[in-house]
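Undergrad: Here you go, one structure.
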């Protein structure tokens with residue numbers, strides 16, 4: 001990815017994987033090594049926060065039941081609705097994704113310009129996000145362990161996690177589509193070694 005107003009190249013790496021599979025951990029390790037991290041979910045989160053700039057649109061799409069006693073959007077209620085209703089999830093994504101993409105482009109053109117950027121995107125291959133990347137990475141993790149980690153981290157039921165997984169491509173398909181694979185089926189030290197090797201490879205591609 002070449003910046004139009006500068007000869008300095010921004011190298012964009014999209015990273016994805018199964019929910020609870022270690023994407024954020026791998027991203028954090030790569031940030032420690034020198035990458036600039038951008039989390040797509042964090043960018044999207046502001047649009048379902050209590051001070052959401054698209055509150056009216058959210059209520060029109062999902063109903064007033066998503067509001068709490070103070071009239072603010074409740075992210076847990078939103079998740080319960082959309083992850084059990086593919087049509088509403090698709091419409092929510094159509095509403096939020098263009099806004100997130102605009103925020104993302106602004107970061108690329110300012111603070112991330114000329115850097116190796118690791119872009120954490122759960123729906124990297126389900127959307128056109130992968131087409132923007134210079135390289136794509138899928139984190140390979142044990143499915144059952146990933147589910148258990150998500151249950152523990154998010155304090156949700158297994159059926160809720162499975163509903164979210166159902167709205168994504170199978171891990172096997174994400175692995176097929178990726179340029180690189182990060183194995184996360186051991187401890188944190190083994191993942192760190194995987195990240196170190198990947199970083200070295202990608203640095204060579206960038207230079």
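Counting begins at 1 with the first residue displayed.
Placed from the backbone N, Cα and C atoms, the Cβ positions cover glycine too.
Copied straight from Swiss-Prot:
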BINDING   20, 21, 22, 23, 24, 25  ATP binding site
DOMAIN    12-207  domain 'DPCK'
Undergrad: As a test of the contact definition, list every same-chain residue at least 6 positions from residue 21 (ATP binding site) whose Cβ is closer than 8 Å to its Cβ.
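TA: Once residues fewer than 6 apart are set aside, residue 21 (ATP binding site) is near 139, 140, 141, 146, 171, 184.
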Undergrad: Where does residue 24 (ATP binding site) sit by DSSP, helix, strand or coil?
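TA: SS state of residue 24 (ATP binding site) = helix.
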Undergrad: Give me the mean pLDDT over the domain 'DPCK' (12-207), rounded to a whole number.
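TA: For the domain 'DPCK' (12-207), the model's average pLDDT rounds to 95.
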Undergrad: Does anything in the same chain, at least 6 positions from residue 22 (ATP binding site), have a Cβ under 8 Å from its Cβ, and if so what?
TA: 139, 141, 146, 182, 184, 191
Undergrad: Using a Cβ cut-off under 8 Å and a sequence separation of 6 or more, which residues in the same chain sit near residue 24 (ATP binding site)?
TA: 39, 120
Undergrad: Within the same chain, and leaving aside 20, 21, 22, 23, 24, 25, name every residue whose CB is within 8 angstroms of the centroid of the CB atoms belonging to the recorded ATP site, in sequence order.
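TA: Near the ATP site, beyond 20, 21, 22, 23, 24, 25, sit 17, 18, 26, 139, 141, 146, 149, 184.
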